[in-house]
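Visitor: I have a structure I would like to understand better, so I am pasting it below and will then ask my questions one at a time.
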Amino acid sequence: MKIYYEDSMPYGQEFFADLGECEAFSHKTITPALIADADVLLTRSTTKVTPALLSQANKLKFVGTATAGTDHVDKYYLQTQGIPFVSAGGCNAVAVAEYVLSTLFVLANKYNWQVQNQTVGIVGAGHVGTALAKHLSALGIEYKLCDPPLQEAGDSRNLVSMEEIMQCDVISLHVPWIKEGPHPTESMFDANRLAQLSGQQVLINACRGEVLDNDAALALLQKGKGFKLVLDVWDNEPNINLDLIPFTELATAHIAGHTIEGKARGTEMLYTALCQQLGVQASKVLSNYLPIAEPSSINLHKSQDDWSSLSDLVLDVYNIAKDDAQFKKLVNSGEQFRYIRKHYPIRREFSAIKVNTGNFVHSKAIYDLGFLC
Ligand SMILES: NC(=O)c1ccc[n+]([C@@H]2O[C@H](COP(=O)([O-])OP(=O)(O)OC[C@H]3O[C@@H](n4cnc5c(N)ncnc54)[C@H](O)[C@@H]3O)[C@@H](O)[C@H]2O)c1
Ligand SMILES: O=C(O)[C@H](O)[C@H](O)COP(=O)(O)O
């Protein structure tokens, strides 16, 4: 059996080698001819899985993406061909939640806010939205969730309208890119909605660039409309509108989900699904491969107040300001955008790090964030 996996997938060889003959490919050089003998195709979001790409893969039996987003895959085509398709929803939900938390602490330090006094509006209450809500809850930060599809499906949580979300201090977007149907998300934040934001409000987009009209945002910001924009994802990646960058508070190269755990969990999820498809017992687990974090334990800083200690801890483990500075220094083309993503430094999730909290008053919050005791 021939298995092709995208080279940006961590531990691809380790997970799949026992299941067949494995070959890594780059999204930059993959062609229909290269994967003509594929039984299995495993990608990340950088490979566009189109009928054209699969046109010679006549014995393809399984396609998987080790990502949460699936907009790069022609799922309808796979269905018409009877080819099973699997994605890795939830693999990087915690990574994105930690990205948003880091954003909150960085902006709180910059603008002298009390982070605990902010209300966060979460659009999309799926894996990422729920993980973010859990993190905010651990810290006692108020949040609201908006998800009309889940609301219609009878989700038991207290889901609110977009109008209520628009009143929040911070709005964080966690929906798939959906072009049509009853709840499309493409340009959900269009010129009209963006114009309703005040100068104090923060808008974070860490889902898909096309959910927020980048041109409209730029036009408003150029006119002095002062909402605070944080972008991890962009229209038309990797060839993004570079003019927008100076108007962002924080900007990164679509790396919100790029912890080692977030990426590798995606590989593990595909491995489990492929084993199931093949009727083989899954015997490998991610914990066999993940390296020990560096450092693997942290002593809580003795800061002037409790919230500073929490802020210092979160920013010690992941400080988005560093990614923002690197991005703004380096990015000047689509190629550079890709380069920054490919060479993203090792980032760990809170769950890889033990915190010695001593008798810190918020020890429970720290463990509820996922840190090890
Ligand atoms: N930047 C990154 O690194 C990164 C990482 C993970 C996911 N993502 C993106 O974020 C998206 C969400 O990820 P997830 O794992 O939570 O997916 P998910 O499928 O678990 O959740 C998405 C939620 O959005 C809701 N939704 C759909 N249309 C909506 C609308 N019009 N208004 C409000 N809610 C709506 C759905 O009902 C669902 O509950 C992914 O599709 C992916 O594109 C980006
Ligand atoms: O959808 C996802 O899971 C994320 O956007 C993910 O981070 C994409 O990662 P990539 O395929 O670009 O490595």
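The backbone N, Cα and C atoms fix where each Cβ goes, glycine too.
Annotations for this protein, taken from TrEMBL, read as follows:
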type	residues	note
BINDING	Ser45, Thr67	substrate binding site
BINDING	Asp147, Asp232, Gly257	NAD(+) binding site
ACT_SITE	Arg208	active site
ACT_SITE	Glu237	active site
ACT_SITE	His254	active site, proton donor
DOMAIN	289-370	domain 'Erythronate-4-phosphate dehydrogenase dimerisation'
Visitor: Starting from Arg208 (active site), work out which of the recorded positions listed here (Ser45, Thr67, Asp147, Asp232, His254, Gly257) have their Cα within 10 Å, and give them in sequence order.
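Guide: Checking each Cα against Arg208 (active site), the hits are Asp232, His254.
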Visitor: If the criterion is a C-beta within less than 6 angstroms of any ligand 1 atom, which of the binding-site residues Ser45, Thr67, Asp147, Asp232 pass it? List them in sequence order.
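Guide: Among Ser45, Thr67, Asp147, Asp232, near ligand 1: Asp147, Asp232.
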Visitor: Using DSSP, how many residues of the domain 'Erythronate-4-phosphate dehydrogenase dimerisation' (289-370) fall into helix, strand and coil, respectively?
Guide: 41 helix, 6 strand, 35 coil
Visitor: Sort out the sequence-distant neighbours of Glu237 (active site) for me: same chain, 6+ apart, CB within less than 8 Å of its CB, listed by position.
Guide: Gly209, His254, Gly334, Phe337
Visitor: Roughly how many angstrom lie between the C-alpha atoms of Asp147 (NAD(+) binding site) and Thr67 (substrate binding site)?
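Guide: Cα to Cα, Asp147 (NAD(+) binding site) and Thr67 (substrate binding site) are separated by 21 Å.
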Visitor: Please report the Cα separation of Asp232 (NAD(+) binding site) and Ser45 (substrate binding site) in Å, rounded to an integer.
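Guide: One finds 15 Å between the Cα atoms of these residues.
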Visitor: Could you state, as a whole number of Å, the largest distance between Cα atoms of any two of Asp147, Asp232, Gly257, the listed NAD(+) binders?
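Guide: That value is 21 Å for the farthest Cα pair.
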Visitor: Among all protein chains shown, how many Cβ atoms are found within 10 Å of the Cβ of Thr67 (substrate binding site), not counting that one?
Guide: 26
Visitor: Please list the recorded positions from Asp147, Arg208, Asp232, Glu237 whose Cβ falls under 6 Å of any atom in ligand 2.
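Guide: List returned for ligand 2: none.
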Visitor: Tally every other Cβ atom lying within 10 Å of the Cβ atom of Asp147 (NAD(+) binding site).
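Guide: Summing over all protein chains shown, Asp147 (NAD(+) binding site) has 22 other Cβ atoms within 10 Å.
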Visitor: If one looks at the chain holding Ser45 (substrate binding site), which residues at least 6 apart in sequence have a CB under 8 angstroms from its CB?
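Guide: For Ser45 (substrate binding site), the qualifying residues are Thr65, Thr67, Gly69, Asp71, His72.
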